[in-house]
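Visitor: Would you mind keeping the following structure in view while I ask a few things?
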Amino acid sequence: MDVLVTGGAGFIGSNFVRYLLDNSDDSVVTLDALTYAGSRDNLAGYLDHPNHRFVEGDIRDRELVDDLVADADVIVNFAAESHVDRSIGGAEPFVSTNVQGTQTLLDAALDADIDRFLQISTDEVYGEIHDGKFTEDDPLAPRNPYSATKAGADLLVRSYRETHDLPTLITRTCNNFGPRQHPEKLIPKFIQRAANGETLPVYGDGSNVREWIYVEDNCAALDVVLREGDIGEVYNIGSGVELSNLETTEKILEAVGGSEDQIEFVEDRAGHDQRYAIDATKTKALGWEPEWSFEDGLEACVDYYLGDDE
């Protein structure tokens, strides 16, 4: 299978490219604009892989996208601006990349008559939930500009399925963690700060709850959905591991050998969703199960970010 992975030099995208090359005979083309969150370094050791080609470029470049899609059987779209705080400070690049960029890919996919288009989305499109778990049938209710643009892209993908019969799939994943994550994200940021004896800024009272999945488990789920998922469907990918931000911070401090005195409660973020939780029953029915515990994943992260496992 010939796979075009957009945003494949970012955190999850690069881990997925590595996963494909390690676990299949697929030919993979990675397209990435190498903005601040993407780097060739994330693909170190794989840039010269015989089944891999890296292309620097933007998903909004229709001519380039057309050239790449013409040789692809499937498209997996990770390309996105993905930081909530940055989206609150300025939404324009999020709208441009996450919505308009997705439209460019969809149009190219339609013209090329591809076999599958997998849109990588997020549980944040559902908004917050205080009890229970979101299923794929729940309405979208995003509460910040980032998640709003991802929800918009999801709806656009769905519309191309309904109006053009494009063979689309959508995955919505909970919070990922693991190697090659940008240092602005909570777990790598707090690991580094804890190890350096710095304070760890926790929004509000730290009670906001997130569901965490190790990135390798997510990549395995994405691969199963890509190959076995039913066209036109949405699949939640979650681990069932829910932790408050304070609990996550305490586990990081314990893993690094820091002190709880390093915790600093700061003013809460605008539009800060209280809790995310998703039901992954539908994805598990395809034969997937998460394998990594949070503690084992965190240990691997500490080794990676503190230089013991390059």
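Using N, Cα and C of the backbone, Cβ positions are placed for all residues, glycine too.
So Swiss-Prot lists these for the protein:
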{"type": "BINDING", "residues": "7-13, 32-35, 58-59, Thr97, 146-150, Asn176", "note": "NAD(+) binding site"}
{"type": "BINDING", "residues": "Ser82, 122-124, Asn175, 185-186, 201-203, Arg210, Asn245, 269-272", "note": "substrate binding site"}
{"type": "ACT_SITE", "residues": "Asp123", "note": "active site, proton donor"}
{"type": "ACT_SITE", "residues": "Glu124", "note": "active site, proton acceptor"}
{"type": "ACT_SITE", "residues": "Tyr146", "note": "active site, proton acceptor"}
Visitor: Quick one: of the binding-site residues Ser82, Arg210, Gly271, which has its CA closest to the CA of Tyr146 (active site, proton acceptor)?
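Guide: Of all the candidates listed, Ser82 is nearest in space.
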Visitor: May I ask for the distance between Leu34 (NAD(+) binding site) and Val202 (substrate binding site), taken between their Cα atoms and rounded to an integer number of Å?
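Guide: Rounded to the nearest whole number, the Cα-Cα distance is 29 Å.
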Visitor: Do you know offhand how many angstrom separate Val202 (substrate binding site) and Glu124 (active site, proton acceptor) by C-alpha?
Guide: 19
Visitor: Reduced to three states, what secondary structure does DSSP give Val202 (substrate binding site)?
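Guide: Reduced to three states, the DSSP call for Val202 (substrate binding site) is strand.
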Visitor: Based on Cβ atoms within 10 Å, give me the single least packed residue among the binding-site residues Lys150, Arg210, Arg269.
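Guide: Across Lys150, Arg210, Arg269, these binding-site residues, the one with fewest Cβ atoms within 10 Å is Arg269.
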Visitor: What's the CA to CA span in angstrom from Lys150 (NAD(+) binding site) over to Arg269 (substrate binding site)?
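Guide: Roughly 19 Å, rounded to the nearest whole number.
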Visitor: Work out how many Å separate Gly13 (NAD(+) binding site) and Arg269 (substrate binding site) at their Cα atoms, rounded off.
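Guide: Distance (Cα to Cα, whole Å): 27 Å.
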Visitor: Does anything in the same chain, at least 6 positions from Asn175 (substrate binding site), have a Cβ under 8 Å from its Cβ, and if so what?
Guide: Asp123, Arg210, Glu211, Trp212, Ile213, Tyr276
Visitor: In sequence order, which residues at least six apart in the same chain have a CB under 8 Å from the CB of Ile59 (NAD(+) binding site)?
Guide: Thr6, Gly7, Leu31, Ala33, Val65, Asn77, Ala79, Thr97, Gly101, Thr102, Thr104, Leu105
Visitor: Could you measure between Ser147 (NAD(+) binding site) and Ser82 (substrate binding site) for me? Cα positions, answer in whole angstrom.
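Guide: About 8 Å separate the Cα atoms of these two residues.
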Visitor: In DSSP terms, helix, strand or coil for Leu34 (NAD(+) binding site)?
Guide: coil
Visitor: Report, in whole Å, the straight Cα-to-Cα distance of Glu124 (active site, proton acceptor) from Leu186 (substrate binding site).
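Guide: One finds 16 Å between the Cα atoms of these residues.
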Visitor: Name, in the order they occur in the sequence, the residues of the same chain whose CB lies under 8 A from the CB of Gly271 (substrate binding site) and which sit 6 or more residues away.
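Guide: Within the chain, Gly271 (substrate binding site) has Cβ neighbours under 8 Å at Val84, Ile88, Arg143, Asn144.
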